[in-house]
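J.: Handing you this structure, nothing more for now.
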Amino acid sequence: MGNDALSRRNVLGYFGMAAAVAMTASCGTANAGKSADGTVTLEFAQWWEPELPKGSLRTLMDTFEAKNPGIKVKLLSGPYASTKEQVIAGAAAGTMSDVVGLDGAWINDFSKQGSLADLSALMKESKYDQSQLASQVKIDGTTLMIPAVNFVYPMFTNDDLLAKAGVSKPPSTRSEFTAAAVAISKVDSNVKGWVLPLSQEAPNGIQNDVMSWVWASGGSMLKDGKPDLTNDAVHSAVNFVQDLWDKKVVSPGALTMKEQDKVEEFTNARVGMMIDSLAHIKLIRENNPKLKFSISAVPAVDGFTGKRGIPYAAWGIGIADNSPNKAEAWKLVDFLMSEETNAKLSSLSNSFPGNTKAVPDFVDSDALFKKAFEIYKGGYPANEFVGLPVAEQLMRSFDEELQKTLSGQQNVDKLLANAQATWMKSF
Amino acid sequence: MKSTLKDPEPLLETQWPADPVKPRKAGWGGLKRRLAPYGFVSPTVILMFVLMLVPIVMVIGYSFMNNVIMTKHPKFVGLDNYVTILTDSVFHTALANTLAFTFASVAAHIVLGLLFAMLLNSPLLGTRFKALFRAVYVLPWLFTVAIIAVLWRLLLDPNGVINFLLMNAGIIDSKIEWLSSPGTALFAVTFINIWAGYPFYMVSILAGLQGIPKDLYEAATVDGANNFQRFLHVTLPQLKPIIISMAMLDLIWTSQQFALIWMTTGGGPINVTEMLSTYTYKLAFSQYQFSLASAAAVVILLLSMILAFFYIRHQKARD
């Protein structure tokens with residue numbers, strides 16, 4: 001080997017070593033988000049951007065940056081599940097983004113981890129008017145999350161299928177619902193009255209499609225903040241679901257069905273009724289423009305006259321406790337919760353605003369949303385999973401017990417007793 | 001008696017011509033030469049250290065703590081997490097499901113891969129037909145897991161194509177909930193995994209078949225062997241090293257299958273398709289029990305290492 005070749009080999013070897021050292025060194029580089037000219041760059045991790053019209057969240061951030069010179073916002077966007085994993089890992093490693101999109105179901109666990117900043121203190125410090133917020137998620141009296149927008153889950157009914165089944169108006173009680181579901185299931189062998197997604201991959205069917213029956217009749221699955229699954233309200237709702245199952249009016253494939261499958265079944269007119277998010281109205285209209293459907297409150301037990309709880313899911317917002325730029329992060333939260341921006345965000349996402357003064361533009365322009373807004377105002381948002389520890393696991397364990405019951409392996413009493421015992425271990 | 005033999009002459013040391021250049025001292029040049037190989041391997045070594053060794057050691061460390069990540073000051077709990085995992089009935093179910101899923105998949109992969117490879121190697125088929133079948137048979141391998149999961153969820157839907165065809169053919173008289181029924185779900189996900197994985201075997205075995213010398217078959221024919229005997233005594237022994245290597249790799253890969261199960265059944269209905277991978281994922285990202293999840297992951301690692309040991313031993317024996 002010539003000297004040149006040897007020399008080239010040596011150079012390559014040193015280059016490789018230097019590159020490797022540089023690579024490992026860069027792993028530990030800390031970034032406080034502040035540049036030399038004093039500009040603060042906030043990281044905002046969320047799953048909202050992919051679910052909003054393209055570029056719309058960036059446009060809102062541009063407006064924020066224009067109003068707040070010296071603050072830039074970097075959007076870290078991903079699907080819901082990966083955002084959750086990213087937030088958990090970031091919290092453990094101390095690299096959580098300054099501002100994070102949150103689901104109420106995660107809050108208790110993040111609270112234990114100590115990864116979220118005390119928003120109560122930040123609001124007090126900036127003399128923020130808290131009365132304009134529709135709700136706040138608190139753990140031990142401390143606000144950790146503010147719901148930016150709320151997606152309510154009313155009952156959707158297929159007008160044509162109901163008419164064919166001889167049902168003149170959407171059911172408002174459980175008996176009417178059962179009768180309508182039975183009648184719809186007789187219209188065609190490929191059509192069922194109701195759809196119930198119970199996939200264990202995303203077990204939110206327990207929250208939206210099962211517990212919604214409890215809340216719609218003013219019931220609760222908790223007592224003094226602890227599980228109370230064996231009470232009459234839960235027992236009656238689960239019995240009702242079991243009865244619909246036994247009458248064979250539930251769409252087949254329920255035990256591994258996901259929320260998107262539920263929407264697809266309804267969109268393709270294979271089910272007459274479903275409980276679903278308002279956010280899907282646009283999708284249903286796009287995929288089946290001919291489908292005629294209505295929105296109503298979730299039916300309650302016969303004779304119920306009280307206020308009905310309407311299930312909801314929220315896009316919440318919080319600030320990382322490890323953020324070195326909490327004051328700037330609060331400015332972003334304040335901006336997103338302001339009357340004007342919050343109305344825009346809720347219009348873009350087809351949801352209801354977290355600011356009580358904000359009015360999304362679709363309320364006046366769309367009859368279905370107008371109706372939904374009336375239902376929303378007439379009842380109260382109900383989601384008892386918000387703030388519970390390991391909320392998703394609670395849904396999953398209930399789901400597993402419900403699946404055993406629907407498969408005939410146990411009765412409702414055993415289901416509720418087992419679920420109660422499992423839930424108690426997490427409290 | 002006095003020895004008459006002469007003492008052997010001492011062995012001559014190698015005679016080097018007088019070197020006009022002074023011997024090289026172990027200075028900067030020597031050091032450079034010695035360091036050069038380390039420079040070449042250092043990127044790989046550091047990558048393996050950062051991306052493999054560190055995470056593995058961290059996970060093993062986590063498995064002995066009470067609950068890392070969710071607790072700021074986790075405590076050492078010894079083997080408690082392993083005892084919890086190994087005595088959990090869901091873990092036993094997941095282990096049994098993983099074994100059934102893995103061995104059924106690998107066995108079917110071998111049989112189908114061999115069958116299709118022999119078909120594509122057959123002199124009875126023309127070149128064009130072979131090219132067409134080769135493209136068709138290899139298709140499942142070209143799809144990503146997400147596509148495979150969505151595709152089969154649609155096909156196996158109670159209102160899907162499979163039920164439609166079976167009902168029209170008179171094979172079934174009512175819709176079967178393939179993925180949602182506790183009685184058929186494990187079979188259905190195993191079937192999907194078999195469909196997705198056989199082309200890997202087919203391609204490799206086909207290459208092996210094309211490398212078998214023809215004179216072996218000619219010699220067997222001369223000895224009076226029929227087609228089946230030639231397959232049994234020539235083809236199979238020649239393919240044995242390939243099949244064993246691939247089966248061992250496949251055992252390792254399939255036992256760790258997560259995405260397909262998660263996207264089709266999520267481990268349900270109830271827990272009939274719960275695998276060790278989905279069980280571990282749920283512990284970590286649903287229950288936030290990262291230490292228990294780490295203990296489960298270490299158990300999976302140990303099981304995989306047993307398979308890897310046999311694979312490496314087999315590879316060494318081949319070399």
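Every residue, even glycine, has its Cβ placed from backbone N, Cα and C.
If you look up TrEMBL, you'll see B:95-311 marked as domain 'ABC transmembrane type-1'. What TrEMBL lists as transmembrane segment is B:40-65, B:99-120, B:132-155, B:185-209, B:247-270, B:290-312.
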J.: Report, as numbers and ranges, every residue of the chain located at least six residues beyond the transmembrane segment (B:185-209) whose Cβ falls under 8 Å of a Cβ in that stretch; write 'none' if there are none.
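T.: Tertiary neighbours of the transmembrane segment (B:185-209) are 97, 100-101, 104-105, 108-110, 112-114, 116-118, 120-121, 137-141, 143, 145, 148-149, 152, 156, 178-179, 235, 238-239, 242-243, 246, 250, 254, 257, 260-261, 264-265, 268-269, 272-273.
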J.: Any contact between the transmembrane segment (B:247-270) and the transmembrane segment (B:40-65), i.e. 3 or more CB pairs below 8 Å with pairs at least 6 residues apart?
T.: no
J.: If we skip the immediate neighbours and take only residues 6+ beyond the ends of the transmembrane segment (B:290-312), which ones have a Cβ under 8 Å from one of its Cβ atoms?
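T.: For the transmembrane segment (B:290-312), the far contacts come to 56, 59-60, 62-70, 74, 77, 81-82, 84-86, 91, 245, 248-249, 251-252, 255-256, 276-277, 279-281, 283-284.
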